[in-house]
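Swiss-Prot lists 100, 102 with the feature Zn(2+) 1 binding site, giving similarity to another entry as the kind of evidence. Per Swiss-Prot, the feature Zn(2+) 2 binding site maps to 107. Swiss-Prot lists 151 with the feature Zn(2+) 3 binding site, giving similarity to another entry as the kind of evidence. What Swiss-Prot lists as domain 'sHSP' is 52-161, and the listing cites sequence analysis. The O-linked glycosylation site annotation in Swiss-Prot covers 159. Marked as deamidated glutamine by Swiss-Prot: 6, 50. Taken from Swiss-Prot, the feature region 'Required for complex formation with BFSP1 and BFSP2' covers 1-63. Swiss-Prot lists 144-170 with the feature region 'Disordered'.
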């Protein structure tokens with residue numbers, strides 16, 4: 001259960017001096033409107049918490065799709081180069097690890113590391129798995145699903161009987 005910790009009411013007006021998201025996963029990636037005017041969101045209600053709407057490419061959050069034909073993982077790794085990434089399959093799991101050592105950027109020095117693990121569906125063909133990194137930093141891990149002929153879709157004809165059913169009426 002997530003519990004929002006609020007500053008006392010007399011400190012909410014001093015919001016700029018008491019930042020609410022000092023160290024979050026978007027540290028160093030720019031400011032939101034709520035960072036510039038935090039007192040507007042905190043005076044509405046003590047339980048109001050503004051959600052962060054970001055596009056999929058900017059969120060750092062993965063998306064997993066498992067449909068009838070394939071299994072796909074999309075993961076934003078824009079801060080990592082292919083040499084910084086390791087993707088491996090261990091049993092029924094795929095593990096994606098990214099790490100780059102401390103390096104200098106516009107704001108000082110930064111290092112990043114993440115580790116994600118996803119369960120592979122049992123129907124995925126593990127011999128045909130693939131992984132690619134797009135120019136905009138989106139890692140795509142995919143694999144086709146094995147189609148079992150006994151579980152394939154087939155139409156069942158509906159026949160009409162002339163006599164009434166013997167099902168009990170309610």
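Glycine is no exception: its Cβ is also placed from the backbone N, Cα and C atoms.
Not measured: the values here are computed from a predicted model.
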Report, as a single number, how many Cβ atoms besides its own are within 10 Å of the Cβ of residue 100 (Zn(2+) 1 binding site).
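I get 15 for this one.
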My understanding is the cutoff is Cβ-Cβ under 8 Å with a sequence separation of 6 or more in the same chain; which residues meet that for residue 102 (Zn(2+) 1 binding site)?
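Same-chain residues close to residue 102 (Zn(2+) 1 binding site) (Cβ under 8 Å, separated by 6 or more) are 109, 110, 111.
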